[in-house]
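> Structure provided below as structure tokens; questions to follow.
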Amino acid sequence: MFFILDIVLFIMFTGAIIARSILVPRKMLESLHHPVEGLFFGAYWVSVSLILNATQSYGVPNCGPWLIKAIEILFWTYCAIVLLVAVFQYYVFFQDERMSVADAMPTWIFPVYPLLVVGPMAGTFIPSQPPEAAYPMWVGAVMMQGLAWTVSLMMYSIFTQRLMTSSLPGPPTRPGMYVSVGPAGYTSAALISLGTQAPNVLPNNVFDTVAIPDGDIAKAVCVLAGVFVILFSFWFFCISTVAVVAGIKQMTFTLNWWAFVFPNAGLTLAAIQVGKVFHSPGINGVCSALTILLVTMWLITAVFHIRAVYRGTILWPGKDEDEK
């Protein structure tokens, strides 16, 4: 049900963006250069990755081998596109924009955000891929995840500097602080997922070891690294939650509210992977509760979003992200 809804919404929103570009051609370039709106370009590609994930889950078990090959091609195409986005969008901001550290937000991570979901996406694809396709996909996913995590750490530093030397974001934009939950969450989920699959993917001549299979070495390293990182995500979740609760009386709806959902999905996915690898019923129960909360927050945010559009407080000229 949600997959079909996702496809319908994606087509609708893509059509709206195309219509805007045709009706007002200059708006597309202005949008990409906008210090706030331009950052959301990365979120578009995260949506594409979610559709590919669901295609693997619902399509591959019910289609022929052609879809497995198509998934492999789409994976590498996606990696190439989002790598170019991460390079050139940051270059545009470095070259043409001057953004104050006092206004730093976790959304500065957005140009590299699509790379953060490459690891979890590969973890979903690899089980159905043949060995000759699974091995390069595993290696590529680890490399892409490393790039995204490293760039995110640099942006974390800038945001933390803002919090230490300036002030918290205004109450309406504080939900955007949850974006900082995502990088560590998705990285943890990716490392654990890829690690648990390493024994079935890696050949035994990668690390030139004799006594221990290479896949087992990679599994141990990846799982430990994923567990090491996950609480960093939870720490930012706690800080963001305290900040939101402290300013809840002054909050009005902005597009930042969607950060209640997708970054916290990364933390939930990571917790699910931890529960699987340690076979913990307690953690699995917490993950079920988190999943229910995510669905609830998605529905609440969607209702407030529609209400805000109807009232003309967002997605109108001079409002919200369209305001310089």
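The first residue you see is number 1, and the count goes up from there.
Yeah, the Cβs are placed from backbone N, Cα and C, and that goes for glycine too.
All TrEMBL annotations are machine predictions without curation.
The feature transmembrane segment is assigned by TrEMBL to 6-24, 36-53, 73-93, 105-126, 138-156, 217-248, 255-275, 281-304.
Could you place these features in context, so I can see how deep they sit and what lies close by?
Listed as Cβ neighbours of the transmembrane segment (36-53) (distance under 8 Å, sequence separation of 6 or more from its ends, same chain) are residues 3, 6-7, 10, 71, 74-75, 78, 81-82, 85-86, 89, 92-93, 107-108, 110-114, 117-118, 120-121, 124, 255, 262, 321-322.
Same-chain residues lying 6+ beyond the ends of the transmembrane segment (105-126) with a Cβ under 8 Å from its Cβ atoms: 36, 39-43, 45-46, 48-50, 52-53, 56-57, 71-72, 75, 78-79, 82-83, 85-86, 89-90, 93, 99, 134, 137-138, 140-142, 144-145, 147-149, 151-152, 155-156, 158-159, 169, 173, 176-180, 182-183, 186-187, 189-191, 193-194, 197, 201, 256, 266, 269.
Sequence-distant neighbours of the transmembrane segment (217-248) (same chain, 6+ residues past either end, Cβ-Cβ under 8 Å): 168-171, 174-175, 177-178, 180-185, 187-192, 194-196, 198-199, 202, 207, 209, 264, 266-267, 270-271, 273-274, 277.
Same-chain neighbours of the transmembrane segment (255-275): 40, 43, 46, 107, 116, 120, 172-186, 188-189, 192-193, 196, 226-227, 229-230, 233-234, 237, 283-284, 286-287, 290-291, 294, 297-298, 301, 304-305, 314, 320-321, counting only residues six or more beyond its ends whose CB sits under 8 Å from a CB of the stretch.
Same-chain residues lying 6 or more positions outside the transmembrane segment (281-304) and placing a CB less than 8 Å from one of its CB atoms are 253, 257-258, 260-261, 264-265, 267-268, 271-272, 274-275.
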